[in-house]
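Engineer: Pasting a structure below so you can have a look.
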Amino acid sequence: MRVTTLSTALFALASTAVSAPTAGSSSPGLEVKLTQIDNTRVKAVVKNTGSEEVSFVHLNFFKDAGPVKKVSIYRGQDEVQFEGIKRRLRSSGITKEAVTSLGAGETLEDEFDIASTSDLASGGPVSIRSHGFVPIVVDGKITGYIPYKSNDLTVNVDGGKAAKVTKALSQLTRRTEVTDCKGDAESSLTTALSNAAKLANQAAEAAESGDESKFEEYFKTTDQQTRTTVAERLRAVAKEAGSTSGGSTTYHCNDPYGYCEPNVLAYTLPSKNEIANCDIYYSELPPLAQKCHAQDQATTTLHEFTHAPGVYQPGTEDLGYGYDAATQLSAQDALNNADSYALYANAIELKC
């Protein structure tokens, strides 16, 4: 990993803790209906299927105007590479512009072009779907989560037309004035990297040969192959965090691309293996959490390293934020969920 000094770059993202809503027939849920508009342009209609109004964060979800991952695209069994950004959110102090409210039975609509964040120039049939959890917000604080799931949509892509769609990241250029890693930001990040390496190594050892029930709590299985995979990814994170002059990622101390909105702690560009910290990464997160499953700089950095395929392939997704959402995932989804690794590392460190 290359860290921003006067000539190098540096980047990271943060972990969001949530608590689950009460289970039952009135539990909130979102139904997502995907339809094709024209070639690679898709419409999503998100419906509140619960009996009460819900307010949720729409960043990293439908209605987010940024090039975020709203759907997964598959050719056969293989997922098409996502070429956008993954943003990490703070868990409190969330401002109104990041929140959407839907009454019972109400819907929101979002249109987007899947070719803007994936290479579909080869054309042919692809299948599109989306699932996960979106954070519930009450008085600016994440207090729970809402599960969402879409239909499977099959689209026969015209490759020629898809190739002409402007790529979201091709428009990204670094700002002329970039604050390199120096001063307090450099000091904070250096500490975060050291702590992330320590936590990742501890968690890797625990994953491979530690308490089975603790591993199952976060990854929903005690299968030895899964334990080995988790340990390998965590060791790869530790190795990357321990390198500030080489490695596979570029880590920005600041926001070179302009995606640090008021509620974003950091963001990742997986296709470029870049991570960027936002101002509130430094101002709102402690170096290490003193409470189980709380946000901090170290596990935020660890979380973001798992997103980068250059660290360990494939990079993880954001399928469930925080302990309660992450521990509701299936074993397969937990293995591919960034926060599952961050939460597990925190739990091993604090003996949760």
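Indices start at 1 and increase along the chain as displayed.
Every residue gets a Cβ built from N, Cα and C, even glycine.
So Swiss-Prot lists the following for this protein:
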| type | residues | note |
| --- | --- | --- |
| SIGNAL | 1-19 | signal peptide |
| DISULFID | Cys181-Cys253 | disulfide bond |
| DISULFID | Cys260-Cys278 | disulfide bond |
| DISULFID | Cys292-Cys352 | disulfide bond |
| BINDING | His303, His307, Asp318 | Zn(2+) binding site |
| ACT_SITE | Glu304 | active site |
Engineer: Which one is it: of the recorded positions Cys181, Cys278, Cys292, Glu304, Cys352, whose Cα lies the shortest distance from the Cα of Asp318 (Zn(2+) binding site)?
Structural biologist: Glu304
Engineer: I want to check the contact list for Cys260 (disulfide bond): same chain, sequence separation of six or more, C-beta distance under 8 angstroms. What comes out?
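Structural biologist: Listed in sequence order, they are Ala266, Tyr267, Ala276, Cys278, Asp279.
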Engineer: Could you state the whole-number distance in Å separating the C-alpha atoms of His303 (Zn(2+) binding site) and Cys181 (disulfide bond)?
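Structural biologist: Distance (Cα to Cα, whole Å): 20 Å.
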Engineer: With every protein chain in view, how many other Cβ atoms are within 10 Å of the Cβ of Cys181 (disulfide bond)?
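Structural biologist: Counting Cβ neighbours of Cys181 (disulfide bond) within 10 Å gives 23.
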Engineer: Looking at the recorded positions listed here (Cys292, Glu304, His307, Cys352), whose Cα lies nearest to that of Cys181 (disulfide bond)?
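Structural biologist: Result: the closest of the recorded positions to Cys181 (disulfide bond) is Glu304.
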Engineer: Where the distance is taken from Cα to Cα, which of the recorded positions Cys253, Glu304, His307 turns out closest to Cys352 (disulfide bond)?
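Structural biologist: Spatially nearest to Cys352 (disulfide bond) by Cα position is Glu304.
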Engineer: Indicate the candidate from Glu304, Asp318 with the smallest number of other Cβ atoms within 10 Å of its Cβ, considering only these recorded positions.
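Structural biologist: So among Glu304, Asp318, the recorded positions given, the one with the fewest Cβ atoms within 10 Å is Asp318.
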Engineer: Specify the secondary structure state of His307 (Zn(2+) binding site) as given by DSSP, simplified to three classes.
Structural biologist: helix
Engineer: For Cys292 (disulfide bond), write down the residues of its own chain that are at least 6 apart in sequence and whose Cβ falls under 8 Å from its Cβ; none is a fine answer.
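Structural biologist: Once residues fewer than 6 apart are set aside, Cys292 (disulfide bond) is near Tyr323, Asn346, Ala347, Leu350, Cys352.
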Engineer: Do me a favour and check the Cα-Cα span between Cys253 (disulfide bond) and Glu304 (active site); whole Å is fine.
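Structural biologist: For Cys253 (disulfide bond) versus Glu304 (active site), the Cα atoms are 14 Å apart.
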Engineer: Among the binding-site residues listed here, His303, His307, which has the most company in the form of other Cβ atoms within 10 Å of its Cβ?
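Structural biologist: Comparing the binding-site residues His303, His307, the most crowded Cβ belongs to His303.
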Engineer: Does DSSP put Cys253 (disulfide bond) in a helix, in a strand, or in coil?
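Structural biologist: Coil, per DSSP.
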Engineer: Among the disulfide-bonded residues Cys253, Cys278, Cys352, which residue has the fewest other Cβ atoms within 10 Å of its own Cβ?
Structural biologist: Cys352
